[in-house]
Structures are given as structure tokens and as C-alpha cells.
Amino acid sequence: MADKLTEEQISEFKEAFSLFDKDGDGTITTKELGTVMRSLGQNPTEAELQDMINEIDTDGNGTIDFPEFLTLMARKLKDTDTEEELIEAFRVFDRDGDGYISADELRHVMTNLGEKLTNEEVDEMIREADIDGDGQINYEEFVKMMIAK
């Protein structure tokens, strides 16, 4: 399944993997997974984190390596996000709950993920998704952006 990914997708997933792999050792542990999820406003229990790791950990060593991560991401792409998942993702970004993702909200979430973006990069991301030109991203624009990926 992972062999059906484009080079661009693999490159993007490598970047995402490195956000999780905080110590850069090539594996994601439950501790690293928990850190990223908490930075996104989730609060998983140790058991939930272990379940997530076990679901992806095909070689049974207790951690996720990049090939296992790619398999998961390929599966996620194939399953295309359900509306519920999209709403949940939108809420992570829309911190004040006003129905719009502002540049500040986008910058905050990306910084929590360890992505240090310049103001120009944040503005560019907003511009790319902002169909109606109001300077922020509404739910409809967010869905179009996520489906287009």
C-alpha cells in the first residue's frame, strides 16, 4: 500500500514523522506520540497511546519506525477523512471556537507541533486555503484544503 504513494507524499510524511520523533532516533515511542497529541489539545491515556502504537507496530518492538508510519498514512489516505475527523481537526486549529482559523491560531498550532513558521509562511498557508479572501479559513475552505491534499 505504501508503494502507491508519490515522492511528494513520502517527503511530506517524512517531515511529519520527524515532528513526532523528538529525539531523532528514527522511531516514535508512546512518550513522543503523547507529547505531540497533548500539544494538539488531546489528552490520551498511556493505555490509549499504547493501543495506537500497537495498531501500527507491525514488527512488535513497541515503537513506530518510518515504514510503519508510511503504511499507516497510506491507509489513512485511502480511507479519506470522515466528516467527524475533519470537524475534530478544524476544532484543533479554531482555538477560540469562532468558526474561523486565523493566522494567529494557525501559527500557534504549528508552533506547538514544532514547526517554526515565519509570518510570511503562515500568511501563504492562509492565502492558499482562503477561497473567499477574508484573510482566514472557514470550515468549508478547511475541508476543501484537506480533501485536495
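Every residue gets a Cβ built from N, Cα and C, even glycine.
Feature annotations, reproduced from Swiss-Prot:
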type: BINDING; residues: Asp21, Asp23, Asp25, Thr27, Glu32; note: Ca(2+) 1 binding site
type: BINDING; residues: Asp57, Asp59, Asn61, Thr63, Glu68; note: Ca(2+) 2 binding site
type: BINDING; residues: Asp94, Asp96, Asp98, Tyr100, Glu105; note: Ca(2+) 3 binding site
type: DOMAIN; residues: 44-79; note: domain 'EF-hand 2'
type: DOMAIN; residues: 117-149; note: domain 'EF-hand 4'
type: MOD_RES; residues: Ala2; note: N-acetylalanine
Response to the item:
Sequence-ordered, the binding-site residues among Asp59, Thr63, Asp98, Tyr100 whose CA is within 10 A of the CA of Thr27 (Ca(2+) 1 binding site) come to Thr63
Discussion item. As a test of reading the model: what is the averaged pLDDT for the domain 'EF-hand 2' (44-79)?
Written reply: 84
Worksheet entry | Fewest other C-beta atoms within 10 angstroms, as judged across Asp21, Asp57, Asp59, Asp94, Glu105, which are the binding-site residues | Asp59
Worksheet item: Out of Asp25, Glu32, Thr63, Glu68, which of these binding-site residues is nearest Asp94 (Ca(2+) 3 binding site) by C-alpha distance?
Response: Glu32
Practice prompt. Check each residue in the chain of Thr63 (Ca(2+) 2 binding site) that is at least six apart in sequence and keep those whose C-beta is under 8 Å from its C-beta; list them in sequence order.
Written response: Thr27, Ile28, Thr29, Ile53, Asp57
Discussion item. Considering Cα atoms only, can you say which of Asp59, Glu68, Asp98, Glu105 is the nearest neighbour of Glu32 (Ca(2+) 1 binding site) among these binding-site residues?
Written reply: Glu68
Worksheet entry | By Cα-Cα distance, the member of binding-site residues Asp21, Asp23, Asp96 nearest Glu68 (Ca(2+) 2 binding site) | Asp21
Worksheet entry | Rounded Cα separation (Å) that holds between Asp96 (Ca(2+) 3 binding site) and Asn61 (Ca(2+) 2 binding site) | 40
Worksheet item: Which one is closest to Tyr100 (Ca(2+) 3 binding site) in space, judged by CA to CA distance, out of the binding-site residues Asp21, Asp23, Asn61?
Response: Asp21
Worksheet entry | Residue counts (helix, strand, coil, in that order) that DSSP gives for the domain 'EF-hand 4' (117-149) | 21 helix, 2 strand, 10 coil
Item to complete: Mind tallying the domain 'EF-hand 2' (44-79) by DSSP state, helix then strand then coil?
Response: 24 helix, 2 strand, 10 coil
